[in-house]
Each structure stands twice: as C-alpha cells, then as structure tokens.
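Q: This is the feature table in Swiss-Prot:
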type     : residues                                                                                                      : note
ACT_SITE : Asp150                                                                                                        : active site, proton donor/acceptor
BINDING  : Asn10, Glu387                                                                                                 : Mg(2+) binding site
BINDING  : Lys17, His210, Leu211, Gly212, Asn213, Gly214, Asp285, Cys286, Arg287, Gly333, Ile334, Gly335, Glu336, Asn337 : ATP binding site
BINDING  : Arg91                                                                                                         : substrate binding site
SITE     : His182                                                                                                        : site 'Transition state stabilizer'
SITE     : Arg243                                                                                                        : site 'Transition state stabilizer'
Amino acid sequence: MSSKLVLVLNCGSSSLKFAIINPENGEEFLSGLAECFNLPEARLKWKMDGQKHEAALGAGAAHSEALNFIVNTILAEKPELSQQIAAIGHRIVHGGEKFTKSVVITDEVIKGIEAAIPFAPLHNPAHLIGIEEARKAFPHLINKMVAVFDTAFHQTMPEEAYLYALPYSLYKDHSIRRYGAHGTSHFFVSREAAKMLNKPVDELNVITCHLGNGGSVSAIVNGKCVDTSMGLTPLEGLVMGTRSGDIDPAIVFHLHDTLGMSVEDINKLLTKESGLLGLTEVTSDCRYVEDNYETKADAKRAMDVYCHRLAKYIGSYCALMEGRLDAIIFTGGIGENAAMVRELSLKKLALLGFEVDHQRNLDARFGKSGTITTDNSRLAVVIPTNEELVIAQDASRLTA
C-alpha cells in the first residue's frame, strides 16, 4: 500500500461522497456515500475490502456526523489505512473567475469559494461545510487539503464563448458570464482520448459529452476548452434529469405574469421538475426512457427531445474545431451506459460522417470503453470518467 493515499470528498447539500485512492494507479481502498442528511433516515453506505456495509447515522445527522463516523468507526478499524492518508481533495462545483486550476486550501481560498456562492447556492455552501468539518476531523492535514474546481477547465474559453449578450457592465461589475461545469470529467476523458488516439494533448480536437443526471458538452481544441454548454449555472444547455436546460428566457416572465408563479416556484420548476422528469411526468431516470421508448409515448417524447438537443450541441461545436475533429467522446452515467442515446444522437449527425456500429455500441457499456462507430465512420468513443482520480492526483501533486 502506498504511503501517500488521498481522501477525496464531494460534499453535497444532503450527501457526502468519499473515497480513499492511490493517486498513482487509481486503486480504491474505501468508497462510500452518506446521504439523507437532516432526515430521520440519514445513513452511510460504504465498500471496503470487497465488502459492502451500511449504517444509520441517526436522525438529523449531516456532514459532521458522517465524517466522524468515517474517522472513528470505519477508519478506526483500519488504522494502517488511516495512517496512509497524506492529503484530502475536495470537489468544488464553482470557482468563479478567481480559480483557473486546483489550489491548496487556505483562508483566502475559502473566501474565494464563498464569493462564488451566488452561482452555486446549493453546492458551494455544502463544500465549505465539508472543508470545515474535514479540518476538525483531520487536524494534522489542515495544510494538505486541495480544492479541485468543476469550473477550472473551462477558464480557457475565449471571451466570445463566455460572454452573454447582456449589458457589459453586468460582466464587469457582477461577473455574470458563462462558467460551465463537469470540467474535471471533461479534462479526464480528453486526456484519456489523447492516449487512446496516440496524440499529443495539445494537438487534440474532441467534443466531450458528459451525460448523467446533469449533462454538458464541451468543445476542446488543441487540448483546451473553447466552449461548453452549461452557463452561469448548471441550468443552461442540455436536457437533464430534472433540469430544463436551454429555454426562451421570456418563459420565466410568462410563468410569473400569466400563471402567477413566484420566483422561488419557477426556480424549483426549472431545476427540480423539468428535463426528463418534466417530459415524462413520471421519472428523471434515463433507463425508464430507454426501456420504454418503443411502447410508451412519454418515454419516446422525452428521448427524442433529449437526443435532438444533444445532437444540436454536438453539431454546433463542430463549427469550432478549426477544420479537424478527432472524436466525439461519451462519458457519465448516461453517456457510458445508454446505447440508445448515443445511437439516436449520432444518427442525426450522419451529414458529418458518423455511422454507429450497433454491436460495438451495445458492447461499450457497464464500465467498458471503446469505439462505437463503424470502420468507415468519423470516430465516436465511450470513455468511463474518473473524476475522483483527477482530484486525488491534483491533491497529491500540490501537497507533495
């Protein structure tokens, strides 16, 4: 076992994902999820030594109780594992314009994360709680904590990509611009694609599609992000599990003025009640949509809108590739497993030279990477993402 393992923490508003990883080879020694915070059924599930475990955290438990359980119960049984933790990596959803790369966490960095709260009001406060509680639980690692930002990879976007056509003062005075998300995933799969294609990263032109409950597409030219589908917040862009993605902004005024909805209700509608859930009126789960595509009108409707939007984004990003596209990459829970989403979306891009190989597409699921197009087609591939490994590697590198 390496003496330089990294504890990776991803703190959400009502959950905490964690893993202990060897940054050199990606081996996981512990992984788990604490969920249902502040509810009677608060619990923690984890996997260690190939065994799955679950425990109740107690009614109303949250980040503090979860981290205490990890330290005082799980790791107490494995002191040799605890002693190997040399750094802690924190996933941070929004770094604003301040953070263009991962950084060691200082009081100044914490202020920067606080300043970006308006752009990630659910996520950033939870990340700050996670940092505070981790400092208490691991006092000897206070100077060995690293923040890895979902927005950092997109900070190479040019002004024409990140500016909205709003009064320029809103950008200058209030930092209202496009930031993107899922940057760690887009970074990872683009680097894996460079290895797969045997190309230097700085010569790589790819379009990466991170499709999960949230989803985004990025245009990567010469290894750098030049555009991405999410905007000021993760609400812009693709159809998602419960998020609408792109809409006519005037719909907001219509919902308020004509239907009498409050701003809070509209926010909830667009972020929690739209997307696949809104289109099916049944579920946000893409597996339902795929399984029932041929037999249920709601599933077909949702799938068709989802793939139409995805194909539009991929097609538009082809215009940014400076004359050469090396591959389209699918990743994330849907991108890695939903063969139908990939096939229906790529069929719409036949003009660009894409032809799906049905069997290859079916084979590239459940954690398997691979080409999903025919030998005569422009290339599309599936690459499973590993954001935790990127976070672990950055934490290890910056605290060495």
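A Cβ is built for glycine as well, from the same backbone N, Cα and C atoms used for every other residue.
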Q: Which binding-site residues from the set Lys17, Asn213, Arg287 come within 10 angstroms of Arg243 (site 'Transition state stabilizer'), judged by C-alpha positions?
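A: The binding-site residues passing the 10 Å Cα test are Asn213.
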Q: Neighbour count, 10 Å Cβ-Cβ cut-off, for the residue listed as 'substrate binding site': what number do you get?
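A: For the residue listed as 'substrate binding site', the count of other Cβ atoms within 10 Å is 22.
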Q: Provide, as an integer number of angstrom, the distance between the C-alpha atoms of Asn213 (ATP binding site) and Glu387 (Mg(2+) binding site).
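A: Cα-Cα distance, Asn213 (ATP binding site) to Glu387 (Mg(2+) binding site): 15 Å.
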Q: Of the recorded positions Asn10, Arg91, Asp150, His182, Glu387, which one has its Cα closest to the Cα of Asp285 (ATP binding site)?
A: His182
Q: Within 10 Å of Glu387 (Mg(2+) binding site), Cα to Cα, which of the recorded positions Lys17, Arg91, His182, Arg287, Ile334, Glu336 are there?
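A: Within 10 Å Cα-Cα: Arg91, His182.
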Q: Within 10 Å of His182 (site 'Transition state stabilizer') by C-alpha distance: pick out those among the recorded positions Asn10, Lys17, Asp150, Arg287, Glu336, and say none if nothing qualifies.
A: Asp150
Q: Which of these recorded positions has the least crowded Cβ, counting other Cβ atoms within 10 Å: Asp150, Asp285, Glu336?
A: Asp285
Q: What's the CA to CA span in angstrom from Lys17 (ATP binding site) over to Asn10 (Mg(2+) binding site)?
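A: Pair distance, Cα basis, whole Å: 5 Å.
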Q: Rounded to an integer, what is the Cα-Cα distance in Å between Glu336 (ATP binding site) and Asp150 (active site, proton donor/acceptor)?
A: 20
Q: Pop the Cα-Cα gap between Asp150 (active site, proton donor/acceptor) and Asn10 (Mg(2+) binding site) into the table, whole Å please.
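A: Between the alpha carbons of Asn10 (Mg(2+) binding site) and Asp150 (active site, proton donor/acceptor) there are 11 Å.
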Q: Specify the nearest of the binding-site residues Arg91, Leu211, Ile334 to Asp150 (active site, proton donor/acceptor), where nearness means the distance between Cα atoms.
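A: With Cα distances computed to Asp150 (active site, proton donor/acceptor), the winner among Arg91, Leu211, Ile334 is Arg91.
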Q: What Cα-Cα separation, expressed in whole Å, is found between Arg287 (ATP binding site) and Arg91 (substrate binding site)?
A: 27
Q: Could you measure the widest C-alpha to C-alpha distance across Lys17, His210, Leu211, Gly212, Asn213, Gly214, Asp285, Cys286, Arg287, Gly333, Ile334, Gly335, Glu336, Asn337, the residues recorded as binding ATP, and give it to a whole number of angstrom?
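A: Across Lys17, His210, Leu211, Gly212, Asn213, Gly214, Asp285, Cys286, Arg287, Gly333, Ile334, Gly335, Glu336, Asn337, the two farthest Cα atoms sit 23 Å apart.
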Q: Pick from Lys17, His182, Arg243, Arg287: which of these recorded positions has the biggest number of other Cβ atoms within 10 Å of its Cβ?
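A: Checking each of Lys17, His182, Arg243, Arg287, the winner is His182.
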